[in-house]
Amino acid sequence: MTPTFVPPQQRAAWVHLQQLASQPLPHLRELLAGGHNVRHASLQFEVAGLRLDASRQQVTPEVLAALLDLAQESGVLAQAQAQARGEHINRTEDRAALHVALRGSHMAQPPWGEHISDLVQAELERFLGAAERIRNGQWRGFRGRRITNVVNIGIGGSDLGPRMAVQALDAYCDPDVRVHFISNPDAWSLHSILRWLNPDQTIFVVQSKTFTTQETMTLAASVKRWLADHGLVSEAQQVPHLIAVTASPQISAGQGYAAENTFGFWDWVGGRYSVWSAIGLPLAIAIGPDRFREFLAGGHAMDKHFWRAAPARNMPLMMALLGVWNRNFLSCPTHLIAAYASRMFHFARFLQQLDMESNGKSTHVDGSPVEIDTGPIVWGGLGIEGQHAYFQLLHQGQHRVPVDFIGVESEDTPLPLAAEHHRVALLNLQAQAQALALGRDAAATETELRAAGLGDAHIAEMLNHRTFRGNVPNSSLWLEALTPHTLGAMVALYEHKVFCQAALWGVHAYDQWGVELGKTMAKQMENP
Ligand SMILES: O=P(O)(O)OC[C@H]1O[C@H](O)[C@H](O)[C@@H](O)[C@@H]1O
């Protein structure tokens with residue numbers, strides 16, 4: 001129990017925000033009309049190669065001030081300090097949540113203590129060493145062939161992070177070692193990859209924090225069988241083709257994974273926060289150890305900002321507050337992620353787990369039921385494709401859907417017309433962000449229809465169809481370039497945002513009892 005816990009709706013700032021939301025708020029047209037004014041400046045942030053433009057959020061300076069009061073009353077940044085000190089903030093599982101230590105283990109006097117940093121450093125060296133040996137050809141298959149294909153087997157946090165990052169950093173990936181991901185136990189999903197591979201040149205990285213997840217274990221058994229069917233039958237023959245990454249090495253050892261090919265992490269690393277640990281091995285293989293360290297450094301740069309920046313200038317905290325404003329006071333139940341770089345294809349899926357598994361909760365930290373809205377439904381993918389599919393609903397449907405537009409400022413694709421491709425993508429991002437915010441009112445629509453030669457009766461019929469209410473709150477998050485460093489910063493940004501929102505709502509972000517229920521039921525049904 002947390003004796004001092006006060007439910008959010010009883011906090012003074014929350015009540016103030018309710019009052020502000022109950023009065024008519026200026027339309028985004030009005031809020032944006034002033035151009036680059038004080039409000040605009042207070043909603044611009046630049047950190048670690050990321051630039052956030054939140055000026056299209058429907059907040060007045062008064063709302064912003066009340067949101068910051070809420071952060072203060074909720075003790076958000078104090079809770080972040082407790083997290084970094086390694087306190088057991090994951091109370092229902094009685095654990096720390098120290099993924100920040102994975103990217104800050106080089107710190108002098110780390111808040112979590114040197115012992116943790118030493119553990120992290122030692123394991124980091126081990127798994128980066130393995131990545132390097134695979135990349136440079138020192139690591140050979142049983143029959144002496146060089147490894148050309150790495151297959152990641154895992155699900156949830158043991159899949160989405162590295163899968164997202166390998167795709168996002170495609171430009172840095174070694175073309176001689178291809179990395180594949182399989183998460184679905186459907187046999188075809190495995191077969192569709194295996195049928196192209198030569199077992200002598202393939203390594204499977206079986207990733208599972210618990211090493212008991214049924215889907216992953218089913219796939220792992222199948223790849224062992226596949227190796228055996230190709231003449232790699234004994235444990236000794238299979239060892240060079242199997243890597244385990246787990247926080248339960250005693251279980252993987254019992255299944256024949258060699259200790260030297262097993263890389264560990266700890267119970268204080270949540271699955272959805274584990275890409276920074278050895279779960280990032282496929283990424284390290286794809287982009288190399290130096291780039292992987294840059295990814296960690298990007299995450300750490302965001303951590304430093306989060307720990308040190310004043311609340312009003314704190315990028316993750318501000319994103320969290322704006323999200324709470326949209327969710328709880330503007331009553332928006334969902335949140336769209338629209339990325340305008342095709343390499344960010346998996347980012348929305350990654351965020352779905354990060355956000356919804358963390359904050360999809362209805363119980364407060366003191367065990368009392370939640371009476372406010374908590375984590376939104378996070379959805380999305382690539383913005384350009386969305387424009388030609390579901391964006392119609394954003395413009396004229398009945399739901400108000402806040403959007404994070406994600407764009408990359410500089411383009412490095414080695415194609416002669418790459419700059420033109422890039423121009424088209426960014427133009428679309430900017431046009432959608434503006435169109436959703438401003439919409440088009442009836443008067444402007446009527447003028448346009450009249451200019452197009454429509455008569456009164458036709459205009460009367462068409463007016464509502466061609467009018468756009470706008471006022472869709474959205475932010476644009478710009479990466480100066482899509483690099484390991486900026487990607488690391490962006491992942492850490494959203495991690496901290498989710499953390500702040502949990503603190504604002506008073507829920508635990510680091511457990512997932514709902515998921516556990518499904519797992520338990522599956523076991524019971526298997527062995528009634
Ligand atoms: O890494 P594993 O133990 O195999 O778990 C894989 C996944 O299992 C569950 O679905 C959890 O809710 C996820 O957070 C976790 O990432």
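Quick reminder: no glycine exception, Cβ is built from N, Cα and C everywhere.
What TrEMBL records for this protein:
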type: ACT_SITE; residues: Glu357; note: active site, proton donor
type: ACT_SITE; residues: His388; note: active site
type: ACT_SITE; residues: Lys519; note: active site
Cα-to-Cα gap, Glu357 (active site, proton donor) vs Lys519 (active site), nearest whole Å: 15
CB contacts for Lys519 (active site) [other CB atoms within 10 A, all chains]: 13
Cα distance (Å, whole number) from His388 (active site) to Lys519 (active site): 37
His388 (active site) CB neighbourhood, other CB atoms within 10 A: 8
Around the Cβ of Glu357 (active site, proton donor), the count of other Cβ atoms that are within 10 Å: 22
